[in-house]
Amino acid sequence: MAQHDENVVWHPHPVTVAQREQLHGHRGVVLWFTGLSGSGKSTVAGALEEALYQQGVSTYLLDGDNVRHGLCSDLGFSDDDRKENIRRVGEVASLMADAGLVVLTAFISPHRAERQMVRERVGHDRFIEVFVDTPLAICETRDPKGLYKKARAGELKNFTGIDAVYEAPESPQIHLDGQQLVTNLVSQLLDLLRQDDIIRS
């Protein structure tokens, strides 16, 4: 908190997180999907959200492109702006988890320090790092937005995986092979969520 905000105090809620979770019938957590552009983060997160919705789970998906239309529309792609982008998303995701939602986030989030920042904000027991591990060559072949082509041509600077580093998670809670079928990956995720008692069997 900034020094000039010292008179701003936190007001406790009369309804607790546990009460909200009881109302929803499941825990409030953040599944943080990370991986290269084109790895399948948004696709897998979206398919998982649909599957959870069909099971009556209260969810919300925060997507890297979507938040830049509103919440982070004032930010560019400098290192400082990228860090602020992740900080803001982490704050929103934490609030949503407090509300008892299963929050799915799909962000490249290339730096371990930034992902750790969000983990500490959300809480280690509510933050689940999901690494969608897809080889760069496969991501380039997919290239759904044509970004790799632009980066290779020098038209797009500071692009993760080409001229900007991606720091892969060292010990993610969930490690997915991004070359598998999406249906298989969703099944793996649902099994893990049940095993960890986040959603009901």
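Cβ coordinates come from backbone N, Cα and C, glycine included.
Database features, via Swiss-Prot:
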BINDING   Gly35, Leu36, Ser37, Gly38, Ser39, Gly40, Lys41, Ser42  ATP binding site
ACT_SITE  Ser109  active site, phosphoserine intermediate
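Feature map: annotations from Swiss-Prot on the structure.
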residue: Gly35; record: ATP binding site; Cβ within 10 Å: 28
residue: Leu36; record: ATP binding site; Cβ within 10 Å: 25
residue: Ser37; record: ATP binding site; Cβ within 10 Å: 25
residue: Gly38; record: ATP binding site; Cβ within 10 Å: 24
residue: Ser39; record: ATP binding site; Cβ within 10 Å: 27
residue: Gly40; record: ATP binding site; Cβ within 10 Å: 26
residue: Lys41; record: ATP binding site; Cβ within 10 Å: 28
residue: Ser42; record: ATP binding site; Cβ within 10 Å: 22
residue: Ser109; record: active site, phosphoserine intermediate; Cβ within 10 Å: 28
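Leu36 (ATP binding site) carries neither a helix nor a strand DSSP state and counts as coil. For the binding-site residues Gly35, Leu36, Ser42, a Cα to Cα distance of within 10 angstroms from Ser109 (active site, phosphoserine intermediate) holds for Gly35, Leu36. Same-chain residues with CB within 8 A of the center of the Gly35, Leu36, Ser37, Gly38, Ser39, Gly40, Lys41, Ser42 CB atoms, the ATP site residues themselves not counted, are Ala106, Ile108, Val132, Thr134, Cys139, Gly178.
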